[in-house]
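Here's the structure, in structure tokens; my notes come after.
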């Protein structure tokens, strides 16, 4: 049988993450290597719907491996949730001659891809690209490692000034539904306390912990708070509550915000993106479809979309215990 | 005449800044070199009042040149504003045998030092250490250069995600009374607009500028806002105002906060701190007092306290014009 | 049975690596948490032989998690290879009351520990700390991830100047016996070719690869060379050979050297060190001995010393193929 | 009189330096602002000779302010040293319609520009872009500040491992004819000794200094060596000499090499490049020519080419004294 796939499309969708460019480069270069045409769609599903794309050659991804963001831009597409939107996209793929797609993004991206495949039977491979690490079927998502380093470097700086002034800092990090960033960066930054969506510490225990920390001789403290923490207060309310109840503490708040999404990717994220996307292209050429590629036990693996979307990728609560021991 | 100064005290006061440790090191090493005893007081004037100090040797400042924060800690002292507080401090200096002081800090620190000298005739040299660069008598304060790099690196990251999603970001940086950080980091980060306390752009002109920027083909924008901007709205209100008036813009806010005070100092700040503090010790040993050391035209100079405190260190408004041209 | 272990010793040995301080901190804090005394020996086995040590409390490891190097210093000990040396060490442990040891280091460190245990029956847990990643029983060693980022950041800088001047750079990285650093940093930096000890590319194929790269439109190239590359020439000889055979190439050499061992550890290395060392202490308290802790499939595991030392931790040659595809 | 200058050319020449892209951007944006056409020539004088150029718009320099290297590439042109080469270049400028040139580079670049202007009367403004800082008429050249930070960050890493192993490191930095980088980075990195072309310390005094350093309690040392140091030995010979004469020292060498030329420019270099190049364009439009723009006492100034090339930009030897005091 002649190899059916002559053109592969690629796009990035959802919140951008460092390493997406390394991923795009790997798709384009693998296509060039296997003599397959590569089409890059802009702004995720939106570019597929609008027919907004560019032909990608081995040279058009030159020197992007080290850059944050995504040269294909990213977006969340409302139109793709509609039948009309998806039909438009399918028509465009047909017109351009795209035989299969590599989708770089998160959970929502893959869900869209699954429906699209069911409706139009276009082979799809998902590549997990998000700083949140909240995807089953892979130990690490592209961008997560870089985001952790960005957070830890920022908290190191905050620690300098916290120590100099004997202050208590609440630092809010990204992670609306999952505490991966907070938990791992909190351990990495040596935080005195970590608040995550998956575990409600409770206000009383937070106060107790801070008081114990002070008694043990610490004059400054860092509390890392996940955006989606379940304690029932946002980070400013938390700070106010602590200020009221621990009047001798000099409390400050920093919300790290969108800088967590940017920056030159770490070696880990670049290598991960490269390995995942070469495999994604090879799987498509081998006739595979509707799977997500991932890294499990240091090997590139594939997971059925259904399975990946059904299963939970839960945080390692052991790290809460580690954090507790290390903040002694 | 026998050299009268046998012991020099040093402290850091006010908001901490990167390079304060390099400054402390230079005082301690210069004292060791000239065979003078060196006493480090903790938490600025507060340590002088409480008699909280440590003897500093050439070895006790080992490997601190690269570290952010201040090993002597810093604080703002209410007690030192009272006559009783200053008397306590003077008594402690006498008891410990401190003949002269090097004060590392900002405007407020120097004002306190001037009064203290008038009351107790203890020779004092001021060293400008603050990220705000708002001190007359020096082109650069210790910590300012590092803070600019911290801000620019953060905005580079934000630019990655702004470009990927075609967003407009408002980024608030430090500088309650002076726009140095906003203006210079804004030019360095290639910001589309810069809002500073010294110049009221006005809401109308801000909207005009953003619209012009979009028309010229820019799909994303960064507006750098100084904490103390005079436009009459805080950065969140600004963002709301723009969202209402430019409904097609996807607006986001990041407040960089205290990470701007920390981090390993740049080479510039380390060298500046080293040069200023060696000179401060040498001036004291030469019988000089009540001056601030500074860097003017790349040379270390001294400025009378009165003059330094009276004069204005104004920002270079030429940079606003440069920013305007470069955001074409 | 009463818990027999009341004092745990810790040391760092062999080449230093970023994260060793995070590891020391985790041992000291875990000991404090479990109410066990902690003794830190200086300069690895040498400090055990000389009785050069310090008592470590939870506070004595304050703020070291972010620092490169090792506060306990490291060394290679000739004396410990002798029976007399090890006897001296055993006597010192007995005198000080050390019941068990956590050894942070590489292969050589563990071999010494195994012999020591056989001779004196002191329980030992090994923690893999080396930038080389050449240890079986763990996917990652402490310091490896940071070293990769250091190398990739350096090559990014070299790429800037290589691109500006259309040059070919040979960049030598660490790894005398194993190509882990070269292989992974090479993929991460987007190197055009990677030379490692495990695979002899051959001079002819190197020339072919460089010529093909030029033909494909690349005007500059980076070749990453592992210290211990088997091609039979050192990096300077390689550069000379290429200069002779490809006269139109402007060839340069950079040997990255010891900066690869230093620097603030990445979040990954800090978290890894923290998890491994808490487990090491807990295993000792549980009566375990003569195992190495490691990270396999994202879980902390233990490996028998014998097994770890016998087995090969081989590089992932798949990455060579990936590199080949991506340098298209 | 109608404004005669309708098209301005720009190029980068000589060794590349961080901030050259910020400079190119400022020329292109200033041209756009003043409604002047902007032509970018590739590879310095070579592109002028070959007619290798691109039209630059405000959008074509988008997002390059943060990038190292130069998008216009750089080279040293032998052909431009010949009368024929310069004639070719002049013909090309005429053909393309270039009325004036902004030259970004160093000493050699400006010398070529001066001759070119004398022969063909094309107005030229020089912008000092080199990491070496060896140009009269400016306190700082574009790229120098970034190179200092790169060197200091590398030495900080080397310091980690030097301290951990009690070693003596010789670190060679760039600067064939001038010791600016060595001297300032040496002070910034807290080096124990600094060897520069402008001052021959002598081997005996180097040994004395190292011995004194050891006696004062330092167990590790860093010696920063400028490429063009006059001590009469290269850095490896120096290390051998010290190893022979101080047998108890564990000596290592690192040559930092070309990574010093790359990297994202510091805020200082970006702002400097922006200010200098806006001025360069404005001066040309005002009818000025044959001057170099520079930064003196924090103000942008212009210096006659003749004067700048004749005068010496000497290093601040005061820093050697500072270094001596601080390595106490």
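Here the Cβ of each residue, glycine as well, is placed from N, Cα and C on the backbone.
Whatever TrEMBL says is automated annotation, not expert-curated.
Here is what TrEMBL records for this protein:
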type	residues	note
ACT_SITE	C:132	active site, proton acceptor
BINDING	C:15, C:76, C:77, C:106, C:107, C:108, C:109	ATP binding site
BINDING	C:25, C:26, C:27, C:28, C:29, C:159, C:190, C:191, C:192, C:218, C:219, C:220	ADP binding site
BINDING	C:107	Mg(2+) binding site
BINDING	C:130, C:131, C:132, C:167, C:174, C:175, C:176, C:227, C:252, C:258, C:259, C:260, C:261	substrate binding site
DOMAIN	C:8-284	domain 'Phosphofructokinase'
Which of these recorded positions is closest to residue C:25 (ADP binding site) if you go by CA atoms: C:107, C:108, C:130, C:132, C:176?
-> C:130
Closest by Cα to residue C:219 (ADP binding site), out of the binding-site residues C:76, C:106, C:107, C:130, C:252, is C:252
What number of additional C-beta atoms lies within 10 angstroms of the C-beta atom of residue C:108 (ATP binding site)?
-> 18
Among all the protein chains here, how many other CB atoms are within 10 A of the CB of residue C:76 (ATP binding site)?
-> 18
Of C:15, C:108, C:190, which binding-site residues are close to residue C:261 (substrate binding site), meaning a Cα within 10 Å of its Cα?
-> C:15
Of these binding-site residues, C:25, C:29, C:190, C:192, which are close to chain A by the rule of a Cβ under 8 Å away?
-> C:25, C:29, C:190
Do the binding-site residues C:76, C:108, C:252, C:259, C:261 include any whose Cβ comes within less than 8 Å of a Cβ in chain D, and which?
-> C:252, C:259, C:261
So what sits near residue C:109 (ATP binding site) in its own chain, CB-to-CB under 8 Å and at least six residues off in sequence?
-> C:13, C:14, C:44, C:103, C:126
Please name which of the binding-site residues listed here, C:77, C:106, C:107, is nearest in space to residue C:27 (ADP binding site), Cα against Cα.
-> C:106
Give the helix, strand or coil assignment DSSP yields for residue C:252 (substrate binding site).
-> strand
Could you state the whole-number distance in Å separating the C-alpha atoms of residue C:15 (ATP binding site) and residue C:130 (substrate binding site)?
-> 7
Any idea what the Cα distance is from residue C:108 (ATP binding site) over to residue C:130 (substrate binding site), rounded to a whole Å?
-> 11
Sorry to bug you, but what's the C-alpha spacing from residue C:252 (substrate binding site) to residue C:192 (ADP binding site), rounded to the closest Å?
-> 15
Between residue C:76 (ATP binding site) and residue C:130 (substrate binding site), find the distance joining the two CA atoms and give it rounded to the nearest Å.
-> 13
Using all protein chains shown, find which of the binding-site residues C:27, C:174, C:259 scores highest when you count other CB atoms within 10 A of its CB.
-> C:27
For residue C:107 (ATP binding site), find which of the binding-site residues C:174, C:190, C:252, C:259 come within 10 Å, Cα to Cα.
-> none
Near the Cβ of residue C:192 (ADP binding site), how many other Cβ atoms are there if near means within 10 Å?
-> 23
If one looks at the chain holding residue C:252 (substrate binding site), which residues at least 6 apart in sequence have a CB under 8 angstroms from its CB?
-> C:162, C:167, C:168, C:169, C:170, C:239
For residue C:176 (substrate binding site), the nonlocal same-chain Cβ neighbours (under 8 Å, six or more residues apart) come out as C:132, C:197, C:227, C:228
Tell me, roughly as an integer, the mean pLDDT over the domain 'Phosphofructokinase' (C:8-284).
-> 95
